[in-house]
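Per TrEMBL, these features apply:
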type	residues	note
ACT_SITE	D77	active site, nucleophile
ACT_SITE	D79	active site, proton donor
Amino acid sequence: MSTLILQGPQLTLDLANQIAQQTHTELHPQGQGYRLYGRQPFSPQTLARLRSTYEGVDINLLPEGYHPEQVRLLVTDMDSTFINIECINEIAAFFGKETQVSRITAAAMRGEINFETSLIQRVALLRGVPANVLAEIYEKRLAVNPGGEALLATLRQRGLKIALVSGGFTYFTERLKQEYNLDYTLANQLEIKNNRLTGTVVGSIVGATAKARFLQRLCKELDIETRQTVAIGDGANDLEMLRVAGLSVAYHAKPKVQAEAHVALNHSALDGVLPFLF
């Protein structure tokens, strides 16, 4: 049996019925969305055709062999995934270098340039920025994306572990960990001297490979298998992590990431992940 999950702010019962008729499936309500159960498998071509026809609706196939009841760990990227901003771009904005840094960030997220190299270039442009800028960004510009708090509340209620991983910075991940009671974090540490950024990071860079290894390390610590994990990301530097997870979710992601992930959420909020967990 194949299962399609429909959700999104533009989804109506009429639309869901229309999709069910077109796919010869049985319609069942699920929360604010619907599940469609079919006897035949859906081809990638069929899924792509449905998505292009119903552009305002997230249409995803529950992967064969994936068992939601076995999931024990959710790992999410931070910038533009768990939160609403790219922190490094916001820091650069205080120093008049937002355009330059944002251009490099966008290219890295599309996978056009190596992430580690791009981070070195971008952080170097932040040399001399007052450290108190970080606090102002956290307090005034950073917010958890819609649906994020509902997602966390349900995960905690069900006993899942939650990890936040980022090619961004520990200043933000550690405060989010404390504020939202997260279990694990990993990010880059900005070097600060005389209350100013030096333009470098301390230690090795957290890039694509480090993110994947972080997920694998947590699995060993928790004595679970990688198939018992869900990973959420939006950029090319999330791909290695997404590939090793039991379920990969592309959240408002770049096309390259959407093409590889099991699930693509382009219209739903972060709690749109929940139908794939419970």
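Glycine too: its Cβ is placed from the backbone N, Cα and C atoms.
Model, not experiment: these values are computed from the prediction.
A simple way to gauge crowding: the CB of the residue listed as 'active site, proton donor' has 24 other CB atoms within 10 angstroms, across all the protein chains here. Around D77 (active site, nucleophile), the same-chain residues six or more apart in sequence whose CB sits under 8 Å from its CB are V165, S166, K211, I232, G233, D234, G235, D238, M241, listed in sequence order. Look at D79 (active site, proton donor): DSSP puts it in a helix.
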